[in-house]
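K.L.:
Below you will find the structure I want to go over with you.
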Amino acid sequence: MGLHCCFAGTTIQTLKLVSVPSTMQSSSTAICSRLNHFKPPTITRSHRFPFLIRALSSPAVVDSTTTASVDSGVKPQWKAAIDFKSILENKSAVAENLKNRNSSANLELVLELYQRLLELQKEVEDLRYERNTVANKMKGKVEPLDRQRLIEEGKNLKEKLVTLEEELIKLTDALQREAQCIPNMTHPDAPIGGEDNSIIRKTVGMPRDFTFYIKDHVQIGKELDLFDFDAAAEVSGSKFYYLKNEAVLLEMGLINWTLSEVMKRGFTPLTTPEIARSFVVEKCGFQPRGDNTQVYSIEGSDQCLIGTAEIPVGGIHMDSILADSSLPLKYVAFSHCFRTEAGAAGVSTRGLYRVHQFSKVEMFILCRPEESNAYHEELIEIEEELFSKLGLHFKTLDMATGDLGAPAYRKYDIEAWMPGLGRYGEISSASNCTDYQSRRLGIRYRPENPTSPPTNLKKNKGRNVSPPEFVHTLNATACAVPRMIVCLLENYQQEDGSVVIPEPLRPFMGGIQVITPK
């Protein structure tokens, strides 16, 4: 996802900015008590161009586990295909990964809940067997006293079974809630540590040598009448803005130029819904509970404003089995994004650098597992090509483990030189999320030619069919508009107060070459 460090590990917040507290305690003694009071919310299960219908109409196979319920009336939460057996068998590696990523996930509680789940499942199976045995005894000729005794025994077994099944649902949901906090495993080559331990992969260009006083984008925008922060603060609050005059054309030009460039690489364009159900946000790997919130949630509903198009694009093929021949699926999506940016303030983030609402063009790929590393490289190459064409000076970073969001297996960031701010600022990122999101979203494909013989081939009309596997997902920012405007205004400012428009953008801005003082 683009600008990942601003959104990773995010949580949902209401439009009244009321955060939702954590529902789990780490103490093992509190598990049963918490389960008895656990009341999961009710979960219920686009805007497309006409020529995109074929690309978006892959057949969907709905997973019944997402809507299952029992006679007791207890409705389970969504169920992700988390590999608990693998977590148990690789406990040391998972624990080390949590440490390297500075994660607060409670591995011991997850394993404790998982062990209790296995025990409870065994109890339920044993009770079902006993109940069936009693039922079978009553089918034959039975003395009245014995029949009455069997009826009472069957009634008691049924009541115990209902109680255990309700507890099993609660325990399963609690396990899911805790386990989804465990982040993805990390690429072995990713540097370990905090953001300062990130490694520079590439540096492009050199900082421009100015022979006059350098202004920041806020001053430039004020003098050229491009922004209005004061009016936006009165209307909407701090960290909102109006774009005016040529800045509006610059935003539209950036969006249309970026879309046209990325579409040349075989990406299907999308516009997306800008409201998503909260459980879709969860399935994309972002936690909707906690205090450090980045996502606006709509009070009185299960919906929230998206912080990136990665969320609605990831949901397009939710609970689907894709045809092998359709892969890879490459999308480039335009959307508005909304982030609380809680706690983010200061001179270094003033103006357009960190705002609550912005336009963004996001790339998203679904592919076969063995191809995801190659597509990760392709995404960062596209980003580097775009920013090079705009004449920016930037560096590409292989981000350290402590700066990775929960879904990311590996993440590359691009930081561009912003002379007015006097520093590098993140303008883009590209993440390989492997099967972390697809397991939660239920996105699989059926290999036509599996690389290794499947262990359990299914027969379909006389021919062997490979079982479905989870796809890998990747995302990358092609253009986060406000920060691109910051870069362009500050790097292309002239001594007379004007700003030169980079050549590639001019045809998309009605031929404007220079923004001049009014």
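The backbone N, Cα and C atoms fix where each Cβ goes, glycine too.
Below are the features listed in TrEMBL for this protein:
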BINDING   Thr308, Arg339, Glu362, Asn475  L-serine binding site
BINDING   Arg339, Thr340, Glu341, Val355, His356, Gln357, Phe358, Glu426, Ile427, Ser428, Ser429  ATP binding site
COILED    88-174  coiled coil
DOMAIN    216-502  domain 'Aminoacyl-transfer RNA synthetases class-II family profile'
REGION    444-466  region 'Disordered'
SITE      Thr477  site 'Important for serine binding'
K.L.:
What is the biggest Cα to Cα gap, in Å, among Arg339, Thr340, Glu341, Val355, His356, Gln357, Phe358, Glu426, Ile427, Ser428, Ser429, the residues listed as binding ATP?
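P.N.:
This binding site's residues have a maximal Cα-Cα distance of 19 Å.
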K.L.:
Count, for each of the binding-site residues Glu341, Glu362, the other C-beta atoms lying within 10 angstroms of its own C-beta, and report the residue with the smallest count.
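P.N.:
Output over binding-site residues Glu341, Glu362: least Cβ neighbours within 10 Å is Glu341.
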K.L.:
In whole Å, how far does the CA atom of Ile427 (ATP binding site) lie from that of Asn475 (L-serine binding site)?
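P.N.:
On Cα coordinates alone, these residues lie 14 Å apart.
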K.L.:
Where's the emptiest Cβ shell within 10 Å among the binding-site residues Arg339, Ser429, Asn475?
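P.N.:
Selected from the binding-site residues Arg339, Ser429, Asn475 on minimum Cβ neighbours within 10 Å: Arg339.
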K.L.:
Between the two most separated Cα atoms in Thr308, Arg339, Glu362, Asn475, the residues recorded as binding L-serine, what distance in Å do you get?
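P.N.:
For the residues that bind L-serine, the greatest Cα distance is 18 Å.
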K.L.:
How many Å lie between the Cα of Asn475 (L-serine binding site) and the Cα of Ser429 (ATP binding site)?
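P.N.:
Roughly 8 Å, rounded to the nearest whole number.
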K.L.:
For His356 (ATP binding site), which of the recorded positions Thr308, Arg339, Glu362, Thr477 has the nearest Cα in space?
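P.N.:
Nearest candidate: Arg339.
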K.L.:
If you count Cβ atoms within 10 Å of the Cβ of Thr308 (L-serine binding site), leaving out that atom itself, what do you get?
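P.N.:
A count of 30.
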